[in-house]
Amino acid sequence: MKKMDNTAAGSWTPDDNPTPPTVKNSCHPNLKRFLASLSFAYFAKALSGSYMKSTITQLERRFDIPSYLIGIIDGSFEVGNLLVIAFVSYFGAKLHRPKIIAIGCVLMSFGTFLIAMPHFLIGRYKIETSVRWSVNSTNNLSPCPASSPESTRAGDRPSLLNSRGCERESSVSMWIYVLLGNILRGIGETPVQPLGISYIDDYAQTENAALYIGCVQTISIIGPVFGYLLGSLCAKIYVDIGYVDLETLTITPGDARWVGAWWLGYLIAGTITLMSAVPFWFLPKSLPMPVDKHDSSCTPEQTRFIKDSPTMEHKFRPEEPADLHQMAKEFVPTLKSLLGNPVYVTFLCVTIIQFNSLIGMVTYKPKYIEQHYGQSASKANFLMGMINIPAVALGMFSGGVVMKKYKLGIMGAAKFAFGTSLLGFFLSLFFFAMGCENSKVAGVTVSYTGVEGLSYQEQSLFSECNSGCLCSRRDWDPVCGENGITYVSPCLAGCSSSTGSGKYTVFANCSCVALPDTQQVNLTASLGQCPRSDSCDKVFPYFLALSVLSSFIISLGGTPGFMLLVRCIRPELKCFALGIHSLATRTFAGIPAPIYFGAIIDTTCLKWGNKMCGGRGACRIYNTSAYRTLYLGLTLGLRTASFFLCYPGFALLKRHIKMEERNALTNGSAELESLRKEENSSTHCEQFIPASDCIPDRETRL
């Protein structure tokens with residue numbers, strides 16, 4: 001009768017149904033396939049995500065938009081996650097997790113293809129230049145026109161013809177497609193982490209779960225290696241390759257106006273992401289439970305690292321169809337229960353602050369290398385992929401190995417993660433000492449006589465040496481004078497003639513280019529900015545070495561920190577907690593961090609480019625000293641704030657562990673007393689019937 005009452009109440013006992021199948025210490029073949037499939041999916045999503053970050057400067061220049069707007073585009077990925085992650089992580093845990101992940105991969109691939117679409121809709125890229133070439137002549141027009149309608153048109157007022165063409169071209173801002181594609185990528189990526197990690201943790205041996213998750217996380221770090229390498233390759237290729245004679249180009253990949261074949265990498269990344277969806281369609285909904293997690297009174301959703309109560313009940317068995325209405329009713333109470341865990345909430349606040357620092361730093365690090373150390377976008381992406389990211393991958397994997405080898409508990413994992421983060425913070429302080437001076441640009445950072453410390457204003461671009469030329473202050477067509485100073489344009493350098501063609505053009509008789517010590521004037525200038533000083537080139541290798549070391553040390557705490565999140569919550573809330581964690585970090589870190597980092601970087605811009613028919617375009621040159629101070633100061637300042645929350649976090653965690661130990665002792669005593677009663681009843685039973693029939697489910701209970 002008691003069994004009938006329990007069944008009517010909606011619960012089930014081991015006597016009602018056969019126990020779930022169990023496996024011994026060997027890894028189930030389908031679990032191996034799932035690990036391989038999830039690793040490939042992590043690789044694909046990490047590749048496309050890192051490629052997006054590697055194309056930031058390319059997108060800025062192609063669509064003539066500032067850094068803060070690029071931050072909005074980059075953060076739109078998190079907006080896509082925000083729209084569905086809470087429901088996917090909650091309802092997805094009850095449904096067919098592998099197939100939901102497959103659907104997500106398909107959506108990610110479609111979003112990646114959508115990002116590349118503007119290239120095929122927009123016109124050819126028009127380089128901003130003040131040099132005008134003569135028609136039907138091998139000689140170039142003078143860079144320094146005295147007075148003509150042509151020069152007036154090249155000045156501050158665009159021609160009516162160009163204006164109409166620009167209005168027609170910009171009636172639909174093409175970067176909107178990039179924004180929408182990134183949102184779709186975010187929606188598709190949503191189920192991969194919470195459902196994939198919880199699936200592994202449900203069906204892997206407890207002692208192996210950390211290593212498996214560490215391996216998956218390591219593969220996800222390898223993805224950015226190929227993503228940045230792909231970005232490096234595409235940045236070398238001109239955006240309109242196949243449609244433009246490269247010999248006629250007046251810019252090189254190191255120029256602030258260069259745009260690489262950004263669209264090509266998105267086509268490649270989208271294809272790889274689509275391929276990653278295929279294996280998940282052939283994986284089962286659930287797997288046999290490992291022996292160390294098997295409990296006949298618990299479903300797989302209940303067997304976890306920490307058991308808050310031995311009487312937990314779950315209404316949904318993996319073999320039964322999920323009751324969506326019942327799950328919806330339990331959503332709000334489940335959320336309240338999760339947010340009532342002070343350890344989880346504190347950990348969540350710490351990770352949100354640290355993710356703000358991490359996301360802002362990683363998003364603009366290639367740009368920092370370009371602007372601060374004078375490297376091309378291709379080289380910056382190559383260094384990120386070949387030096388920085390492998391160090392992070394090794395650190396993530398090593399952290400998982402350390403946790404497995406030394407069998408770190410919750411407190412041990414927390415201390416290890418905190419220690420590595422603190423050590424990495426102190427190492428990062430040395431970045432402030434590895435700075436470079438501003439490039440010498442006449443009228444921007446130095447005067448025309450070479451005096452540094454100039455406060456830039458548009459009028460400072462003009463001097464007596466170029467007063468005879470009708471030059472535009474809006475142009476950005478830099479030339480490097482023989483005196484080592486960069487001039488904003490050949491006209492502002494006072495050049496009156498030129499020879500050669502394309503990137504090999506040389507300007508002569510430049511009245512502003514002079515060597516004061518030798519009294520030589522009217523020297524020549526070549527296209528492009530002057531290279532950085534030798535001292536900057538010497539500092540750059542040390543910057544790379546310190547970047548690798550600090551990245552490795554900080555990433556050592558990645559896997560232990562993630563396992564801390566998994567183990568500090570109630571077992572049946574784990575999948576939901578992972579989803580809420582992703583939701584919170586994406587909402588309060590992934591979305592705002594690129595935007596306010598970009599807006600702050602924009603404040604250090606010294607010279608903005610101009611769109612074809614007017615209006616501010618992308619930044620051409622930054623105040624590198626201010627860039628370094630704000631970029632590094634904001635990154636390390638956020639980390640400092642997170643450390644203050646760690647102290648109450650440790651106190652709450654210590655109290656949580658003591659409560660768990662007391663509960664375990666209490667529950668253990670109660671279970672021992674129950675077993676003694678069963679022994680007594682079985683002894684009495686054996687007097688009348690065989691012992692094998694007295695307690696048929698005792699082994700299962702144990």
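Even glycines carry a Cβ here, placed using N, Cα and C.
Remember, TrEMBL labels are computer predictions, not curated facts.
The compositional bias 'Polar residues' annotation in TrEMBL covers 8-23.
TrEMBL lists 34-641 with the feature domain 'Major facilitator superfamily (MFS) profile'.
Marked as domain 'Kazal-like' by TrEMBL: 459-514.
Residues or ranges marked as region 'Disordered' by TrEMBL: 1-23 (among others).
Residues annotated as region 'Disordered' in TrEMBL: 139-162 (among others).
The transmembrane segment annotation in TrEMBL covers 68-88 (among others).
According to TrEMBL, the feature transmembrane segment maps to 100-122 (among others). Beyond the ends of the transmembrane segment (100-122), by six or more residues, the same chain brings 38, 41, 44-45, 48, 52, 63, 80, 88, 92, 169, 174-175, 177-178, 180-192, 195-196, 239, 262-264, 266-267, 269-271, 273-274, 276-278, 280-281 to within a C-beta distance below 8 angstroms of the stretch.
Residues or ranges marked as transmembrane segment by TrEMBL: 209-230 (among others). Note on the transmembrane segment (209-230): residues 35, 38-40, 42-51, 53-54, 196-197, 200-201, 265, 268-269, 366, 381-382, 384-386, 389-390, 392-393, 396-397, 399-401, 403-404, 555, 558-559, 562-563 of its chain, located 6 or more positions outside it, place their CB under 8 angstroms from a CB of the stretch.
Among the features that TrEMBL reports, transmembrane segment is placed at 263-283 (among others).
The transmembrane segment annotation in TrEMBL covers 343-362 (among others).
Here TrEMBL flags 382-402 (among others) as transmembrane segment.
Positions annotated as transmembrane segment by TrEMBL: 414-434 (among others).
The transmembrane segment annotation in TrEMBL covers 539-566 (among others).
The transmembrane segment annotation in TrEMBL covers 578-601 (among others). Within its own chain, the transmembrane segment (578-601) has Cβ neighbours under 8 Å at 66-72, 74-75, 77-79, 81-82, 85-86, 88-90, 186, 190, 193-194, 197-198, 335, 338, 348, 351-353, 355-360, 363-364, 367, 565-566, 622, 627, 630-631, 634, counting only residues six or more beyond its boundaries.
The annotation transmembrane segment is assigned in TrEMBL to 630-653 (among others).
If you average pLDDT over the domain 'Kazal-like' (459-514) in this model, you get 83. Beyond the ends of the transmembrane segment (539-566), by six or more residues, the same chain brings 197, 201, 210, 213-214, 217, 221, 305, 344, 347, 351, 373, 375, 383, 387-388, 391-400, 402-403, 408, 410, 412-414, 416-421, 423-424, 427-428, 430-431, 434-436, 574, 577-578, 581 to within a C-beta distance below 8 angstroms of the stretch.
Look at the domain 'Kazal-like' (459-514): DSSP puts its residues at 9 helix, 13 strand, 34 coil.
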